[in-house]
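This is the structure, below, for whatever I ask next.
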Amino acid sequence: MPEAVETMDGWYCLHDLRKIDWSAWRKASQEERDEAIKELQDLLTKWEEVEENREGSYSFYSLMGHRADFIIMLLRPTMKELGEIELAFNKSKLAAFTTSTYSYVSVVELSKYMTKEGEDPMENPGVRARLKPRLPKWEHICFYPMDKRREGNDNWYMLPMDERRELMYEHSKTGRKYAGKIKQIITGSMGFDDWEWSVTLFAHDVLEIKKIVYEMRFDVVSARYGEFGPFYVGNLLTTEDVPAFLEI
Ligand code: 76R
């Protein structure tokens, strides 16, 4: 029986994707809109403070295309805290003008494929930091869920550990070419959501997102074993950008 790889798990993660009901928003009074904007900015300020104190992290981006208008990505030490934030946002004034079009529940994950015999990666401060990351505020985000295939001869979960390690090594070599251009956060979601992992990529240049995803399609681990969900791509929204984003 193939052996499962051990994972190291960090902060819990919620991706919350919303569409704005622009016609209802337009019909709201200026006062109502101003209050909703102020409340959202206060929430963002609160999340920034939590981030400063290293008790969690957040991302806020507008999204392209028809599937959603914005994404909030939140990291917290417990799922309970994530639930409280989700509830607080749902009770906010802006939320009344939004519908949730997608969400994803997972936990920041690093696997031990690359760990050497006798080494404890948790002793490495770099590893510990990656489990509780500060999400970069780079210009672009790309988020998608994915699975490893389990079909006929292409069954990732039937491969021996050594083979999987080799394929992951090849994958990591492709990934490292994008150092400084792409920052990736892999979260695991087995038992938490519909797919097995979520991939969140941050980039200064949006084209680097297309380049890495394309190049990785040729890594055997993606070519043969990767199955992908919907892709979401978008642009950074700062707290100061909120009024212009919601101006109508
Ligand atoms: O964590 C590490 O840096 C060690 C090497 C590594 C692992 C174990 C690594 C490196 N990844 C790992 C695990 Mn990855 N990654 C993806 C995608 O679109 C696609 O084809 C795949 C989506 C991207 C773009 C990406 C980027 N990675 C994983 C896993 C868990 C698999 C498992 O456990 O079976 C998934 C699902 C996944 C998917 N990966 C890197 C990157 C990048 C940029 C790196 C290099 C990071 C660096 O060294 O700085």
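Glycine is treated like the rest: Cβ placed from N, Cα and C.
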Arg130, Tyr144, Pro145, Met146, Asp147, Lys148, His171, Gln184 show up in TrEMBL as binding Fe-coproporphyrin III; which entry in Ser57, Ser59, Ser62, Ser222 does that record put in the same site?
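Same Fe-coproporphyrin III site in TrEMBL: Ser222.
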Cβ under 8 Å to the coiled coil (26-53), counting only same-chain residues 6 or more beyond its ends: which ones?
60, 74, 88-89, 92-94, 96-97, 134, 239, 242-243, 246, 248
Which residues, sitting 6 or more apart from Ser222 (Fe-coproporphyrin III binding site) on the same chain, put a CB under 8 Å from its CB?
His171, Met216
Is any of Arg130, Tyr144, Asp147 (recorded positions) within Cβ reach of ligand 1, i.e. under 6 A, and which?
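What lies within reach of ligand 1, judged by Cβ under 6 Å, is none of the recorded positions.
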Give the helix, strand or coil assignment DSSP yields for His171 (Fe-coproporphyrin III binding site).
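The residue in question, His171 (Fe-coproporphyrin III binding site), is helix (DSSP, three-state).
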